[in-house]
Amino acid sequence: MTDISPPLTILARAKVNLYLHVAAPDAKNYHPLQSLVMFADVGDEVALRPKSVPQAPGLTCDGPFADGVPTDGTNLIVKAVRRFEMVTGVNIDRHDIHLTKNLPVASGLGGGSADAGAVLQLLRAHYAPDMTDEALEAIATTTGADGAMCLWSQSTLAEGYGERLTKLALPAVPAVLINPGIACSTPEVYGQYDRLGQFAQIEASTPFRSIINIDHLLHALSETRNDLEAPAVHLHPQIGDLLSRLSDEPETRMARLSGSGATCFALCDTLKDAHSLAARLSAQYPQTWVRACTLS
Ligand code: ATP
């Protein structure tokens, strides 16, 4: 007989902002933005571990970046589980949760939101299979601004304050992700953006709804920016050095910062190019987190 039980482990995929346009803060100090987001085939692993005695779930964490992750109520996984229990009235008592933290923390890759999205997918599958996508998304939204998009991990155009989401069909793009080991606090980078005072405009429409291949995507991206790059470089000049270095590499078609950083990415024509660039960078910076991946 075929085993059709739902999976117990999910990849919480890294989010990459291919561009991020940020306008001046409004009266409530929120920044209107527009961002094209894709997801890498690398990420954290979130697992449900069955247990025999019914009791409240514990969270354990290991992996290369486990040290930077809280395992108390501030962890976005714990927040998501509590919210799920509250909304459904179901007790999550048949499993503990285990996080393998492969992504650098506070790195612009949205790891915490991806973890929350992954655990919600697992909880729905095991505890509330009839829950609608809308209801699950409403829970994900309460875990943070990127909660909903990281729940689905699909190419998305985010607008408004990041809450207006349009899923897009885009070609898969080979890329290299590199994190220079600096934790970048998102509020600090936005604070620096405000202090620099060079506020950008957000165009109403973008050409990203009808992209057919990588050349087309790169052409459209050449008209875009990450408006948090300047403030992040101001706070951490090493990011600027890394971006110049990446731009000079023969395999790089475009190099940019993801989100508020400090992870930078290079887009490449082929996965082979991405792997050879990643191998060279890893050899030169052995302590640095470098991954070749595909964004989709
Ligand atoms: P974003 O791009 O959405 O700003 P990020 O990659 O910069 O995300 P995260 O790695 O998600 O940032 O972590 C931001 C903060 O959230 C960390 O400082 C950490 O203390 C807290 N946090 C809570 N839960 C998690 C989690 N599961 N994984 C990582 N960090 C978490």
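For all residues, glycine too, the Cβ spot is worked out from N, Cα and C.
According to TrEMBL, the active site annotation covers Lys15, Asp146. Annotation source TrEMBL lists ATP binding site at Pro104, Val105, Ala106, Ser107, Gly108, Leu109, Gly110, Gly111, Gly112, Ser113, Ala114. According to TrEMBL, the domain 'GHMP kinase N-terminal' annotation covers 75-151. Here TrEMBL flags 215-286 as domain 'GHMP kinase C-terminal'.
Features per TrEMBL, on structure.
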residue	record	DSSP (3 states)
Lys15	active site	strand
Pro104	ATP binding site	coil
Gly110	ATP binding site	coil
Asp146	active site	coil
If you measure from the CA of Asp146 (active site) out to 10 Å, which binding-site residues from the list Pro104, Ala106, Gly108, Gly110, Ala114 are inside that radius?
Gly110, Ala114
Determine, for the ATP site, the additional residues of the same chain whose CB lies within 8 Å of the mean position of the CB atoms of Pro104, Val105, Ala106, Ser107, Gly108, Leu109, Gly110, Gly111, Gly112, Ser113, Ala114; present them in sequence order.
Ala14, Lys15, Leu103
Taking every protein chain shown into account, which of the binding-site residues Ala106, Ala114 has the largest tally of Cβ atoms within 10 Å of its Cβ?
Ala114
So what sits near Gly108 (ATP binding site) in its own chain, CB-to-CB under 8 Å and at least six residues off in sequence?
Asn17, Cys184, Leu257, Ser258, Gly259, Ser260, Gly261, Ala262, Thr263
With the Cβ atom as the reference point and anything under 6 Å counting, tell me which of the binding-site residues (Pro104, Gly110, Ala114) are near ligand 1.
Gly110
Counting every protein chain present, what is the number of Cβ atoms, excluding its own, within 10 Å of the Cβ of Lys15 (active site)?
28
